[in-house]
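Now, the feature entries from Swiss-Prot:
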DNA_BIND  180-239  DNA-binding region
COMPBIAS  124-148  compositional bias 'Low complexity'
COMPBIAS  151-167  compositional bias 'Basic and acidic residues'
COMPBIAS  300-311  compositional bias 'Low complexity'
COMPBIAS  322-336  compositional bias 'Low complexity'
DOMAIN    3-61  domain 'LIM zinc-binding 1'
DOMAIN    62-125  domain 'LIM zinc-binding 2'
REGION    124-186  region 'Disordered'
REGION    298-402  region 'Disordered'
Amino acid sequence: MMVHCAGCERPILDRFLLNVLDRAWHIKCVQCCECKTNLSEKCFSREGKLYCKNDFFRRFGTKCAGCAQGISPSDLVRKARSKVFHLNCFTCMVCNKQLSTGEELYVIDENKFVCKDDYLSSSSLKEGSLNSVSSCTDRSLSPDLQDPLQDDPKETDNSTSSDKETANNENEEQNSGTKRRGPRTTIKAKQLETLKAAFAATPKPTRHIREQLAQETGLNMRVIQVWFQNRRSKERRMKQLSALGARRHAFFRSPRRMRPLGGRLDESEMLGSTPYTYYGDYQSDYYAPGGNYDFFAHGPPSQAQSPADSSFLAASGPGSTPLGALEPPLAGPHGADNPRFTDMISHPDTPSPEPGLPGALHPMPGEVFSGGPSPPFPMSGTSGYSGPLSHPNPELNEAAVW
């Protein structure tokens, strides 16, 4: 039975053969698929193909974070954070100096580095340029900075002083050996206008839009991403402040007058806007609402009177007032020298007067009636009324008016 080669699929007629991956091979067919080098001691395979050690690690091994090429197991590397670099790729992005072990450096975008000397020199140059800013605010932006940018030219002095303080703080941190921020990126006026226009169109741009902005402005994509994050944060904060101001204006616009708990009501609040007046300290003769009948303090009449043929006249002496509409008289405290009712017509043939208005009594002189003046009933010296509700003395008689 003939044995066929796994590489060329031809029958193996040679005296010697190689067994690779449990299959028979010609000696000349066991070679690297990349460099065509014959493999005699050791080989690597992937997807049925054979590779030498260098080509296998170059293609499928760990990639260098600087050049994105594979790292051979024999190569010397440097490691920063979680990234691995070739020795030639681990250089300063400003002066291209190769960084050595133990040297202080500043990491930018995870795969770029700046040596300490270049970083300190750029910080001093930036501070000098910030002192000369006069027209527009080109505030520096750090990739780790999360505060929103100040876009108003009126705030140039504030942004300049804040940048000075930041630079001083960073220098102090460098002297103390603590963790420091990366270098700050200055955004120019034209770049800022481009970013503002892009933010007005799309507040949250996609990666493709950020790449286009990076090409237009020359800024790093990380810087652009952080600028948009800060600008969105500023917009949200401005909306919150405006909403809070609107609620506060609505609350204080029309304050209500509030009465303290347990406070007493005013007489004006109790009476409201009623058309009737209220006299609290009126000391003279007054009339108040009463019933449809009156009580008179008098002696025994000369003859029996009936409500139909009796008429009463109000006195016209000093201090007395004719009765008004819907105001029957109310008894009050009167002395014997000021009688309220002095005359009463008691002639049986005298007709009773017809009222002009309903509920109104008109004073009339006693001489009008044919019977002449009747003898008056004397008023009692002390009032026959016991209270403000006009209750008669039980010794007096009662006569109804209407």
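Every residue, even glycine, has its Cβ placed from backbone N, Cα and C.
Taken residue by residue, the domain 'LIM zinc-binding 1' (3-61) breaks down under DSSP into 8 helix, 16 strand, 35 coil. Counted with DSSP, the DNA-binding region (180-239) comes out as 43 helix, 2 strand, 15 coil.
For the domain 'LIM zinc-binding 2' (62-125), the DSSP-based tally of helix, strand and coil residues reads 10 helix, 20 strand, 34 coil.
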